[in-house]
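Taken verbatim from TrEMBL:
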- 1-11: compositional bias 'Basic and acidic residues' (COMPBIAS)
- 19-35: compositional bias 'Basic and acidic residues' (COMPBIAS)
- 57-466: domain 'Major facilitator superfamily (MFS) profile' (DOMAIN)
- 1-42: region 'Disordered' (REGION)
- 57-75: transmembrane segment (TRANSMEM)
- 95-116: transmembrane segment (TRANSMEM)
- 123-142: transmembrane segment (TRANSMEM)
- 148-171: transmembrane segment (TRANSMEM)
- 183-204: transmembrane segment (TRANSMEM)
- 216-239: transmembrane segment (TRANSMEM)
- 291-310: transmembrane segment (TRANSMEM)
- 322-339: transmembrane segment (TRANSMEM)
- 346-367: transmembrane segment (TRANSMEM)
- 373-394: transmembrane segment (TRANSMEM)
- 406-426: transmembrane segment (TRANSMEM)
- 438-460: transmembrane segment (TRANSMEM)
Amino acid sequence: MSEKASIEKVPSESAVEENSVKSRKELAYGGDDRLPPPPTLSAEEEKRLWRKIDMRLMPILTLMYLCSFLDRGNIGNAKLQGLTTQLDLTGNKYNIALTMYFVPYCLFECPANLVLKKFRPSKWLPGITLVWGMIMTLMGLVKNYPQLVGTRICLGVAEAGLFPGVVYYLSLWYPRHMLQYRVGVFFGGATLAGAFSGLLAFGISFMSGTAGMLGWSWIFIIEGLATVVVGFISFFVMVDFPHTAEFLTPEERAWVVHRKKYDNSSVGEEEHFEWRHLWECLLDWQVWMHILVYMSIITPLYGISLFLPFGFSTPISQLLTVPPYVFATLTLLCWAIWSDKIKKRWPFVLAGLVFCLVGFAINIADVSIGPKYFGTFLIVAGAYAGFPGVVAWLGNNLAGHYKRGVGMALQIGIGNFGGAIASNIYRTQDAPRYVLGHGIELMFVGIGFVALPIVVISYMRINAQRDSALTAAEESGVKLSPEELRRLGDRAPDFRYTL
């Protein structure tokens, strides 16, 4: 069924009763049989409704992720403000402190996504934001290396549920060809955090010595307290699922649920958890290929945040990090809008890899600081602008609420070990060219150039096979039941992969 047909074919009440699963596990309209039949909306009415949803969901989610990225990455700014000196982070202690954040962060992402559906987004996401804000604040009071490592581990546990949780949450609200722009806006918070972090650290640096604490302590404390405030506010702003969203009218709720439920299937999606969803993800080729593509983007993303700044005096170094992130934010938004418009993901992931390839090639060369700074613009833009497409792409191509949630969490959880790798490849002794770090980043970009065509060609081949099989089935009169199609999910003959 085409996207247009899925919108315009509004079922009657009798048709709804006929197509609904009779058990309480799958109620008529996405989990609530009290919703009225969905209305028919004009194009202008649809735009107004999506704008209404955007204004409720996106600002608070973007702010939460801005805080998340700010809090995990501000240790780089703290390093410039005396952290390594006061805590005696000699040798590889600083790199170990960076790495220990990613271990629990990666391990807890998949379980956190299962908890999200159980404990409701409006409580779970604000709750973990509040917790990591408190941990961040306490990090400003640590006195030695073991305490720093301990708080970094706790920070990784607390932040693990946010990114995969929000991406999964957005996939429950928006049709798949509207998803990348929303993921792009949300992830734009991370890009802005890169720019804002340098400006904020520059301002906070003047507090060094206040109350007997150096600037690094105040960076952790002030940014942690800001996160606590955001977490508290989000308790009153966040909503759960479309069928329970009280800021929408019952008719609007019914339309959104129907629009999402039949986004890429004539019979809707499975909405209850079974352990087979986990095994299906573990055995699904596309999940593992997307993990490789994810790592080819996320490792440069984390690596460049550690590579910046260039080693000028501290205030100038903080300020030099701002322009590349501003450029990356603009690139990200342009690519996200364009991607949703043409309903394709791979061209923008490829563009991100090309930007990273050229940028790292410039930085690994023996050239002056000017070309290196230009190369940094390309790397930051390529990694940050290419990233939303990587995440939205897999979300588009996994069907069923829980399989999508588990699959995306696996992608993000395993893929984020790239951050642990990036934490250890930029060593002080390799300055100023960082041949080892840039070389390993180029290796990951190369993996992306191999994995990406495999994914695209495989999707094209499977879509073509399903077109032929569906035509043959229609001619022979063979037809699967709605329950069989729902159970097959993205393996159903009427499901088409997004390219």
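Note that Cβ sites are derived from N, Cα and C of the backbone, with glycine treated the same way.
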Below 8 angstroms Cβ to Cβ, which residues of this chain, lying six or more residues outside the transmembrane segment (322-339), approach it? 180-181, 183-185, 187-188, 191-192, 194-195, 198-199, 308, 345, 347-348, 351, 376-377, 379-381, 383-386, 388-389, 392
Using a Cβ cut-off under 8 Å, which residues of the same chain at least 6 positions beyond either end of the transmembrane segment (148-171) come close to it? 57, 61, 64-65, 68, 71-72, 75, 87, 89, 96-98, 100-110, 112-113, 115-116, 121, 124-125, 128-129, 131-132, 135-136, 138-139, 142, 179, 182-183, 186, 391-392, 395, 404-405, 408-409, 412-413
Among 183-204, 406-426, 438-460, point out the range having the most Cβ pairs under 8 angstroms from the transmembrane segment (346-367). 438-460
Long-range CB partners for the transmembrane segment (438-460) (under 8 A, at least six residues beyond its ends), listed in sequence order, are 285-286, 289-290, 292-293, 295-297, 299-300, 303, 346, 349-350, 353, 356-357, 360-361, 363-364, 397, 418, 421-422, 425, 497-499
Which sequence-distant residues neighbour the transmembrane segment (123-142)? Criterion: at least 6 residues beyond either end, Cβ under 8 Å. 64, 67-68, 71, 87, 112, 115-116, 148, 151-152, 154-155, 158-159, 161-162, 165-166, 169, 213, 216-221, 223-232, 234-235, 238
Do any residues, 6 or more residues outside the transmembrane segment (216-239), come within under 8 Å Cβ-to-Cβ of it, and if so which ones? 56-57, 60, 63-64, 67-68, 70-71, 74, 77-79, 81-83, 86, 121-123, 125-127, 129-141, 200-201, 204, 207-208, 210, 245-247
